[in-house]
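*Asks:* Supplied in structure tokens, the structure appears directly below.
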Amino acid sequence: MPPVVGKKAKKGILERLNAGEIVIGDGGFVFALEKRGYVKAGPWTPEAAVEHPEAVRQLHREFLRAGSNVMQTFTFYASEDKLENRGNYVLEKISGQKVNEAACDIARQVADEGDALVAGGVSQTPSYLSCKSETEVKKVFLQQLEVFMKKNVDFLIAEYFEHVEEAVWAVETLIASGKPVAATMCIGPEGDLHGVPPGECAVRLVKAGASIIGVNCHFDPTISLKTVKLMKEGLEAARLKAHLMSQPLAYHTPDCNKQGFIDLPEFPFGLEPRVATRWDIQKYAREAYNMGIRYIGGCCGFEPYHIRAIAEELAPERGFLPPASEKHGSWGSALDMHTKPWVRARARKEYWENLRIASGRPYNPSMSKPDGWGVTKGTAELMQQKEATTEQQLKELFEKQKFKLQ
């Protein structure tokens, strides 16, 4: 598509990264919109792009104002098999095409309000978990890709994959578009759910055609950066090159196992005590930058103020602050205007950097014991279905959970 007359053409994602620029991603949509009443926890599907476009648009705008350079289409779990999984009505009543098209239109509208790019995103599928063939799974990705091509997104992201095999299938499908492809996996230092180490995952993704690789979701910034470091080492050992990307959770997960925060008993409705502070995220941004990561964003739990923290921490390198910083004093400096003297005394970096945050929950533990069911692709409980989950199926799961808790 030719550039609009009178409008300066935006630099592409690889042009920016190849020049050493910092690209700031956006934050988490499904969790943020679930809290606001627009997404249903459980299926986590993005029909809000059609049903409540104003809510999706506003969240995009807040991330843009906070400093995001990329507007990811709100197409997480927007594959047709997911939109009809376990009794979901979206495919039948709305259609996958309408959801994906609406998400693209909203992202483009907001991206063009600033210097942001639009990334069309696909994620893991019920088809893969149910042991469908490579051809069948790739067909699911292709349905979304056709919409992304029609809407002329700037680049593509294959994100949130627990198995590198499926992530590779996604990259191989997306790369046929001729557009740059990024690929992120929701894995920790132990690797994917089939035991493939992070370094090998990175090598496979790059060989499949990804220009940008890394992690997203499931783990906190500290664990995620350890995983990206292993990916980087894997690429170096294989003499392969790719740009690095990190979009972790905004929840602290030191007690997670291989499955990440989904295994925590608090998932998804009791995670608030684990939320990272803006100062935690500034530390994450600096560590990511020092590691050589240049695409830095967030996933579930990341609100616009977290993205602003990334933009503020890296402002010296980028040369500017985001618009949202107009109402935010650096390291709490605006607290010098507070009426209470002890709060004015907190208007300094040293205070917030060294504060040990209390939870306010005196009888609660600091750590949890993950559920650890150990299920992965091919396990009976992970086989997906079009019909709603039955009472008998739930009863069996409740009994299994009781046994695990004993």
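Using the three backbone atoms N, Cα and C, a Cβ is placed for every residue, glycine included.
Straight out of Swiss-Prot:
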DOMAIN    11-314  domain 'Hcy-binding'
MOD_RES   Lys40  N6-succinyllysine
MOD_RES   Lys93  N6-succinyllysine
MOD_RES   Lys98  N6-succinyllysine
BINDING   Cys217, Cys299, Cys300  Zn(2+) binding site
MOD_RES   Lys232  N6-succinyllysine
MOD_RES   Lys241  N6-succinyllysine
MOD_RES   Ser330  phosphoserine
MOD_RES   Lys340  N6-succinyllysine
MOD_RES   Lys377  N6-succinyllysine
*Asks:* When you average the Cβ positions of Cys217, Cys299, Cys300 for the Zn(2+) site, which other residues in that chain have a Cβ within 8 Å of that mean position?
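*Replies:* Result: Gly28, Phe31, Tyr160, Cys186, Asn216, His218, Gln247, Pro248, Leu249, Gly298, Gly301, Phe302.
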*Asks:* Ten-angstrom check, please: count other Cβ atoms within 10 Å of the Cβ of Lys241 (N6-succinyllysine), all chains counted.
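*Replies:* For Lys241 (N6-succinyllysine), the count of other Cβ atoms within 10 Å is 9.
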*Asks:* Just the number: how many Å between the Cα atoms of Lys377 (N6-succinyllysine) and Cys217 (Zn(2+) binding site)?
*Replies:* 19
*Asks:* Give the number of CB atoms, excluding that of Cys300 (Zn(2+) binding site) itself, located within 10 Å of its CB.
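*Replies:* The Cβ of Cys300 (Zn(2+) binding site) has 27 Cβ neighbours within 10 Å.
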*Asks:* Of all the modified residues given, namely Lys40, Lys93, Lys98, Ser330, which is spatially nearest to Cys217 (Zn(2+) binding site) at the Cα level?
*Replies:* Lys40
*Asks:* Measure from the Cα of Cys299 (Zn(2+) binding site) to the Cα of every one of the modified residues Lys40, Lys93, Lys98, Lys241, Ser330, then give the nearest.
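*Replies:* Closest by Cα: Lys40.
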*Asks:* Specify the nearest of the modified residues Lys40, Lys93, Lys98, Lys241, Lys340 to Lys232 (N6-succinyllysine), where nearness means the distance between Cα atoms.
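*Replies:* Ranked by Cα distance from Lys232 (N6-succinyllysine), first place goes to Lys241.
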*Asks:* Ten-angstrom check, please: count other Cβ atoms within 10 Å of the Cβ of the residue listed as 'phosphoserine', all chains counted.
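*Replies:* Within a 10 Å radius of the Cβ of the residue listed as 'phosphoserine' lie 14 other Cβ atoms.
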*Asks:* Counting Cβ atoms within 10 Å across all protein chains shown, which of the modified residues Lys340, Lys377 comes out on top?
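*Replies:* Counting Cβ neighbours within 10 Å, the top one is Lys377.
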